[in-house]
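A.B. asks: One structure, as structure tokens, below. Some questions next.
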Amino acid sequence: MTNGAFITFEGIDGAGKSSHIDALAQALRAAGHTVTLTREPGGTPLAEKLRGMLLHDSMDALTETLLVFAARRDHLRCVIEPALARGEVVLCDRFTDATFAYQGAGRGFDLEVLSYMERLAQTGVGLQPDLMRNPDLTLWFDVPPEVAAQRLSAARAPDRFESQPVEFFTRVARGYADRAAGAPQRFARIDSSQPREQVAAQLRAVVAAHGWLAQTP
Ligand SMILES: Nc1ncnc2c1ncn2[C@@H]1O[C@H](COP(=O)(O)OP(=O)(O)O)[C@@H](O)[C@H]1O
Ligand SMILES: Cc1cn([C@H]2C[C@H](O)[C@@H](COP(=O)(O)OP(=O)(O)O)O2)c(=O)[nH]c1=O
């Protein structure tokens, strides 16, 4: 058994995840936790190579899904499970909810096949052979797609996913909402259309409510 915690960050591109993950890692470290900060697709040398292909090379939805799960399996085996076994807090920028949202809802890939692949990729990698690894908490940055698009257009050159039209992100956002409805105990919705300071305060309050940070008065 492990005392570690697996916390994932999710949301459409431009929702504001990356703006908060470092600060949360710092707060957790200040509270005495050892934190592994990582991301998907990526987090290992192999998975980072796959990330490069996923973000820049054109491919069909099945190829995309296979690469995403291959990267995830390697990441779980080499980084996430060992960190959790050491009792660390793992903060991961995206995980399987992104696959259901982007490949499933966004690109229309079969959700039942995704569920099967999820089970296959996330089982038998840790100390408990029968356990299917899932996040303990998913921080879902929810923002209207139009707001996210506006933020992104001001921020950076788009990759293959970010250059999709706003209708794609409307489907992706719906995919996240469906995943959240299916696992309400695991998901915490962060209203990411708020100003940055309020988003940070809400985030901190959620993590504190789970006992990983002190409650602020
Ligand atoms: N609450 C916010 N209000 C306004 N702009 C924000 C907010 N949070 C993030 N941004 C800006 O929006 C852009 C996308 O944020 P980012 O954290 O990179 O999103 P993500 O990692 O979810 O794609 C960045 O330019 C960032 O500075
Ligand atoms: C994990 C994952 C990410 N993605 C996509 C979503 C993002 O557009 C992209 C990379 O995610 P991200 O790390 O959020 O990129 P950035 O920090 O540049 O915003 O990969 C999927 O399509 N499926 C997945 O399973």
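Cβ atoms here come from the backbone N, Cα and C positions, even for glycine.
Take a look at what TrEMBL says about it:
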DOMAIN    9-202  domain 'Thymidylate kinase-like'
BINDING   Gly11, Ile12, Asp13, Gly14, Ala15, Gly16, Lys17, Ser18  ATP binding site
A.B. asks: Around Ser18 (ATP binding site), how many other C-beta atoms are within 10 angstroms of its C-beta?
C.D. replies: 13
A.B. asks: Around the ATP site formed by Gly11, Ile12, Asp13, Gly14, Ala15, Gly16, Lys17, Ser18, list the extra residues of the same chain whose Cβ is within 8 Å of the site's Cβ centroid.
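C.D. replies: Residues close to the ATP site, other than Gly11, Ile12, Asp13, Gly14, Ala15, Gly16, Lys17, Ser18: Phe141, Val143, Ala148, Ser192.
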A.B. asks: Please report the number of other Cβ atoms within 10 Å of the Cβ of Asp13 (ATP binding site).
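C.D. replies: Cβ-Cβ neighbours of Asp13 (ATP binding site) within 10 Å number 22.
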A.B. asks: For the binding-site residues Ile12, Gly14, Gly16, which residues place their CB under 6 A from an atom of ligand 2?
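C.D. replies: Once distances to ligand 2 are taken from each Cβ, none falls under 6 Å.
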A.B. asks: Any idea what DSSP makes of Ser18 (ATP binding site), helix, strand or coil?
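C.D. replies: Its secondary structure by DSSP: helix.
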A.B. asks: Quick one: mean pLDDT on the domain 'Thymidylate kinase-like' (9-202)?
C.D. replies: 96
A.B. asks: Just how many other Cβ atoms lie inside 10 Å of the Cβ on Lys17 (ATP binding site)?
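C.D. replies: Summing over all protein chains shown, Lys17 (ATP binding site) has 21 other Cβ atoms within 10 Å.
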A.B. asks: Test of understanding: give the count of other CB atoms lying within 10 angstroms of the CB of Gly11 (ATP binding site).
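C.D. replies: The answer is 26 other Cβ atoms.
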